[in-house]
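Right, one structure below, let's go through it.
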Amino acid sequence: MKAGLPVIQCFPFIVIGRITSVTQHRGNFQIEKRRFCEQLRVDRQYKQCKKQGKTPRRNGQKKASNTERDPVGVYCRIRPLISEDEECCVEMISSTTIQLHAPDGLKANRNGEYKETQYSFKKVFGVNTTQMELFEDVAKPLVDDLIHCKNGLLFTYGVTGSGKTFTMTGSPGEGGLLPRSLDMLFNSIGPFQAKRYVFKPDDKNGMEIQSQVDALLERQKRESQQSVPKTPSSRQKADPEFADMISPDEACKSESVDEDCCFSVFVSYIEIYNNYIYDLLEDAPFDPIRPKPPQSKVLREDQNHNMYVAGCTEVEVKSTEEAFEIFWKGQKKRRIANTQLNRESSRSHSVFTVKLVQAPLDADGDHILQDKNQVNVSQLCLVDLAGSERTSRTRAEGSRLREAGNINQSLMTLRTCMEVLRENQMCGTNKMVPYRDSKVTHLFKNYFDGEGKVRMIVCVNPNADDYEESVLVMRFAEMTQEVEVARPVDRPIYSLPAGRRHKNQAFKDELSRRLAERGGPVTADDPGLLNQLLESLPALPPCELVDPTDDQTLPRLIEVLERRQHIRQMMKEQFNQTANTLQSMLQQFNSQLGAKETFLHDQQSKLNEKDKVILNQRTELERLEKKSKTLEYKIDILQKTTGMYEQDKRSLQQELESREQKLQRELAERRRMEQRMQGVVTDTKLKWEKECERRVNAKQLELQNKLWVKDEKLKQLKAIVTESSGAPAERPEKPERPSRERDRNHAQKRSASPSPLPTAPPVRPMHRRSHSAGGEKWVDHKPPSNLDLDTVMQPIIPNSIKVSAPNEKALSKCHKYVLRHQELASDGEIETKLIKGNVFKTRGGGQAVQFTDIETLKQECPTAPSRKRRSGSAEGPAQIEDLENRPPVMSSSQAYQKRRKP
């Protein structure tokens, strides 16, 4: 036998294609025995419930329906500006409130003033906050809960380039939340960690517990596999970037750790890229000829309805350095890219999971209790979400554009889930939360259903360019704080006495001391003692099977193992006898120790009397020292108070000066605004005065024209009556037509109107049949404002529907449409226009009119003078006088004109 080999070494052998070992047979037998007893108990319970007519209760963990809920803890961290020249749009008001104000180039409301909004958080961390301060308030309670078998979720959220990755990972000398959480965890459970491979993942989001022998075989197997590298990159030196993440002065630990438990830590690292899950710790075989792309993973649900990534690599780690080295190995595989806003922009969501497995020690406090039901598994998920971004700013193209779309879509799904959760909690609704729309929300569904604490760190870039994106992030954070998550329930505690590890360690120390006094080995783990025990056992025969019909090797091996078991039993009995002898000796020593303690007690009483005298003197000295320190402390307080008052005075003076400057600027701006408004009011007032004057003049002219027309008609009527009676009558004086001098004087103040055309020979229209004389059905639209002119020629349209306002019912029954429109002509007469069109149906089921032509009905007085005369004509006044002296004759001619619409 070689030195350094373990005490018991089992050689695997092959029996009908199955690999097993003798020790594994014994362990499997015990496991099968426990399973059989458990199944027998369940069957008995089922039969009893069936006899009583009750439904048997199913075994399995159920989620506790507790009513205690806690809101999601949302924190805010403000990133410092890159340069002092950048404009800042975020201001920290207090330790829980920040204020956003719009930049100079963006006006938020109609008054032209800046709109300022305030948002409250559980705590706000300013630009001078250290990584240690952030860890103390945010991540440290989650690590404490992890040690006490409670789950936790911590994720960073914000726009691209706001410092999320720095907050989570950190930099050399300024470790982030992830390395500090690992450091605190291993500082707390370091002395109580189990050996490697005692706990083993079962690939179903659970843990199996192995015996010490099985764990030893697993370690030897893994060590032999690691000796031969699979890929060229398997042997790489540790990256120096994470060597000095945390200084020893900043190390911390949890004080409330159960010493009667053994712990193991498993880590996994995944990324969600384009809504696909990839394992960053997976060692794919390296093929330089045909490199294969990484395979995506799927989400599954375990027996407790918890979501997990199937086939994800879980690595057992034993120190902070080892865990962070595993993290950095995956970090190098994570997808990052250079954009316009961030040189190293994360293009995927990363999830680093720390899984803590703990199981109690047995009653002796020496070995782990071999009961799978007593194994507790808790996990802490540290999530670095990719930042939301606008493609108009990043100018992403191709794959970058697709990545940005998937990132924004997953963040939008997260926002939608939060909104539905808040609505269900506030309004009492039961809407389905769309967890499955994104891998991020689907993976962490259990946390929002009450499987642990949820905390979010909102990272904000105070740069004014990110103002609009920051407002959206603030609104999401404000809404998330209103979502409540069920408080996790404490796990049941096993019923074993406390202090088992301490008693076992005390026994081992005393045994080592006694063995050292006798000149024997100091510790039971001494290699010399192991070699002696190993040599005392019978040697194992060769166990290689080359023939399936070999029936000698197995019996020979079983015989040797039985002899070794017999020798082991004898050694155990001898050890028990020695232990009993040692126990009696310990009792004797305890009695002698009691007598010595009595003597020491008497001497101690004498010393106490002398100590009292010394104590009185020390008390007086301490009183004087305290008085002196009190006076010094008061002096320091007065000096600090004076300094504070002076500082406050300077700050108030600066604030007063700044407010005075701001007030002066506002007054100047107000004066400029008043002057500008006065100018606008004056211009508007002059404009309306001119418009009102123009309208009044036009109205007066219109009324005068109407009055002149009526007077002319009355005069002609009087002339006709006089002529018909045969009595000569004096020709009445012709009323004077209203002068247009005033209109010409104010021609510049009113809008130009078309002047009447000069006298021209009559135009003979083509003799054709009017469109209105057909057999079609018409809609005769006559507005109620039209006047009846009592003319001889009237527009009479047969087979028509007369309406005062067009409607869909009338239009649906006709094919033609005519509108009677009246307006005042340039010579003062009323002109009637018939605007005609065709009615057709539209695609939407309605009716529309397409205008085709216009007919004009115009009334003129032949005795009326022309409004326009040619310049230089000598017969103007004489001709007017001649027309006025003519006998009154009723010559009411109507010019009927028709024109086609171009």
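For all residues, glycine too, the Cβ spot is worked out from N, Cα and C.
Marked as compositional bias 'Basic residues' by TrEMBL: 48-61. If you look up TrEMBL, you'll see 48-67, 219-242, 720-786, 856-902 marked as region 'Disordered'. For 71-483, the entry in TrEMBL reads domain 'Kinesin motor'. According to TrEMBL, the ATP binding site annotation covers GLY158, VAL159, THR160, GLY161, SER162, GLY163, LYS164, THR165. Feature annotation from TrEMBL assigns compositional bias 'Polar residues' to 225-235. Here TrEMBL flags 572-676 as coiled coil. Taken from TrEMBL, the feature compositional bias 'Basic and acidic residues' applies to 730-746. Taken from TrEMBL, the feature compositional bias 'Pro residues' applies to 755-764.
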- Item | Protein Cβ atoms within 10 Å of THR160 (ATP binding site), excluding its own | 23
- Task: For GLY163 (ATP binding site), write down the residues of its own chain that are at least 6 apart in sequence and whose Cβ falls under 8 Å from its Cβ; none is a fine answer.
- Result: ARG77, ARG79, CYS459, ASN461
- Among the binding-site residues SER162, THR165, the one whose Cβ has the most other Cβ atoms within 10 Å is SER162
- Other than its own, how many Cβ atoms are within 10 Å of the Cβ belonging to LYS164 (ATP binding site)? 26
- Under a criterion of Cβ-Cβ distance under 8 Å and sequence separation of at least 6, what residues of the same chain contact GLY158 (ATP binding site)? LYS164, GLY387, SER388, VAL458, CYS459, VAL460, ASN461, VAL473
- Summarise the model's confidence over the coiled coil (572-676) as a mean pLDDT value. 89
- Message: Validating a neighbour-count step here. Other CB atoms within 10 A of the CB of VAL159 (ATP binding site): how many?
- Response: 23
- Cβ density check for GLY161 (ATP binding site), other Cβ within 10 Å (all protein chains) comes to 24
